[in-house]
Amino acid sequence: MELYNTLTRKKEALKPVKKGVVGFYSCGPTVYNYAHIGNLRTYVFADTLQRALEYEGYKVKRVMNITDVGHLTSDADSGEDKFEKAAALSQKSPQEIAKFYTQAFLRDIKELNIKKPKIIVPATKTIKEQIAIIKKLVAKGYAYQTSLAVYFEVAKFKNYGQLSGQSLSEKLTAARDDVVEDEEKKNVADFALWFKLAGRHQKHIMHWSSPWGEGFPGWHIECSAISSKYLGQPFDIHTGGVDHIGTHHTNEIAQSEAATGKPLARVWMHGEFLLIDSNKMAKSEGNFITLQTLKDKGFSPLDYRYLCLTAHYRSRLNFFWESLAAARNAYENLARLIVESQAEKRVSKKTAFKSLTNKFQASVIDDLDLPGALAVLWEAVKSQNLSGKDKIKLVKDFDKILGLELLKAVQAKAAIPSAVLSIAKKRQVLREQKKFAEADKLRLELAKKGYEVKDSSGGGFSLLRIK
Ligand code: AMP
Ligand code: ZN
């Protein structure tokens with residue numbers, strides 16, 4: 001399998017540390033608010049990657065953190081802890097906030113048919129391990145203390161900008177305008193490993209004792225601690241969104257590698273942004289849409305999953321309601337075509353099945369080209385060279401990666417009597433011919449049979465049982 005590695009800026013053949021097993025770490029959500037559909041795009045990407053690896057025969061050991069402390073309102077070291085801020089606004093404890101939004105996140109991923117990573121670890125459950133890494137960094141001279149915090153000294157780490165491609169001096173220029181809240185910091189680009197209960201964080205509710213006094217960990221150290229605890233070092237694949245490249249992942253690499261002298265992960269993969277009105281969708285920007293909003297507008301979470309699959313994970317995706325409607329339409333049409341194909345009696349041409357399987361697989365192993373894989377699914381369903389039975393076999397196989405629950409969708413469609421379906425289709429043809437009065441008569445006929453027909457913007461329809 002060839003995967004694009006942000007670290008080396010090229011596609012590389014995957015060679016797991018341990019033959020046949022892939023150690024896979026994904027940065028998880030910061031649970032101070034609902035996940036937005038941009039965040040969820042990144043988790044759909046990681047899910048399809050896991051499924052693709054399993055499809056290729058690997059055993060996947062997947063670990064994800066839950067950030068429930070230490071992520072400040074800026075990804076750097078200024079601002080408040082997002083949890084303490086949300087707690088103050090809602091009169092709840094930071095722990096209650098984290099628990100509530102963790103559950104909401106787990107519901108969201110379930111509805112998107114995202115496989116839950118086997119190991120999910122909240123940052124607050126590994127404070128001991130985080131402190132152990134910081135102690136090593138202090139002992140090795142990579143970290144220093146001020147009266148407010150313990151910092152990682154970036155100038156001491158040779159390859160600091162390797163992941164982002166940004167040299168330290170470029171990073172410093174970029175960081176020039178950052179708010180520096182600690183005058184004792186040696187360098188603005190140094191990042192916090194541990195915050196003391198001092199200065200702005202004097203009244204921080206969540207705190208633990210450490211060799212540097214009571215305090216709480218900086219955001220990045222949790223991922224270093226959790227990934228190495230469960231996967232060892234180096235492990236195979238690390239994922240996140242592209243916004244993590246410059247700061248969070250760069251800092252993860254620096255602290256883990258400085259502490260152990262070993263690389264953290266071999267392949268770094270980053271999902272591109274979901275944009276709205278050409279801007280990054282972000283919780284902090286208030287321009288975000290949640291899965292619940294989609295459902296309130298009548299979409300199913302799998303309509304959104306389908307939309308995600310239409311764009312490569314390394315391409316930006318601009319969110320429009322019209323594109324979501326088109327995705328729903330395509331998804332419904334696909335399910336309908338599959339229902340219809342079940343009745344097809346033709347015999348498969350000899351090579352057709354194999355050549356479609358090969359084509360599908362070729363897309364998947366080419367850096368997870370799922371738009372390509374989806375196109376092969378359509379080709380299979382429309383094929384004149386395959387029997388209905390073989391089509392269903394392929395759909396079942398391809399859906400192991402796409403995760404669209406296509407056979408369930410087909411069962412739901414198949415439960416509609418064929419007489420009802422054929423009236424609905426006749427009505428659709430009449431509508432296309434703009435014979436609306438006749439089409440309306442058929443709508444009434446469908447209602448009498450207990451079905452309401454709903455037209456979608458792309459010219460398709462769906463049937464809802466009303467009695
Ligand atoms: P957070 O909950 O803010 O820690 O983010 C969770 C994940 O969503 C991270 O991997 C981010 O990189 C990713 N992410 C944040 N915003 C977007 C976006 N607009 N589109 C895609 N992924 C995003
Ligand atoms: Zn992380």
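Cβ atoms here come from the backbone N, Cα and C positions, even for glycine.
Annotated features, as they stand in TrEMBL:
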DOMAIN    15-328  domain 'tRNA synthetases class I catalytic'
BINDING   C27, C223, H248, E252  Zn(2+) binding site
MOTIF     29-39  motif ''HIGH' region'
MOTIF     280-284  motif ''KMSKS' region'
BINDING   K283  ATP binding site
Run through the Cβ atoms and count how many others sit within 10 Å of the one on C223 (Zn(2+) binding site). 30
For the motif ''KMSKS' region' (280-284), the DSSP helix/strand/coil residue counts are 0 helix, 1 strand, 4 coil
Cα separation, K283 (ATP binding site) to C223 (Zn(2+) binding site) (Å, whole number): 21
Determine the binding-site residues, out of C27, C223, H248, E252, lying near ligand 1 in the sense that the CB is under 6 Å from one of its atoms, and give them in sequence order. C27
Starting from the Cβ centroid of C27, C223, H248, E252, the recorded Zn(2+) site, name every other residue in that chain with its Cβ within 8 Å, sequence order please. N65, W219, H220, E222, S224, H238, G240, H244, H249, N251
Rounded mean pLDDT for the residues that make up the domain 'tRNA synthetases class I catalytic' (15-328): 94
Restricting to the same chain and to sequence separations of six or more, state which residues have a Cβ under 8 Å from that of H248 (Zn(2+) binding site). C27, D75, W219, H220, C223, G240
Below 8 angstroms Cβ to Cβ, which residues of this chain, lying six or more residues outside the motif ''HIGH' region' (29-39), approach it? 66-68, 71, 82-83, 85-86, 97-98, 101-102, 104-105, 108, 241, 273-274, 276, 280-283, 288-292, 294, 304, 319
If you rank the binding-site residues C27, E252, K283 by how many other Cβ atoms lie within 10 Å of their Cβ, the lowest count goes to K283
Roughly how many angstrom lie between the C-alpha atoms of K283 (ATP binding site) and E252 (Zn(2+) binding site)? 23
What does DSSP say about C27 (Zn(2+) binding site): helix, strand or coil? coil
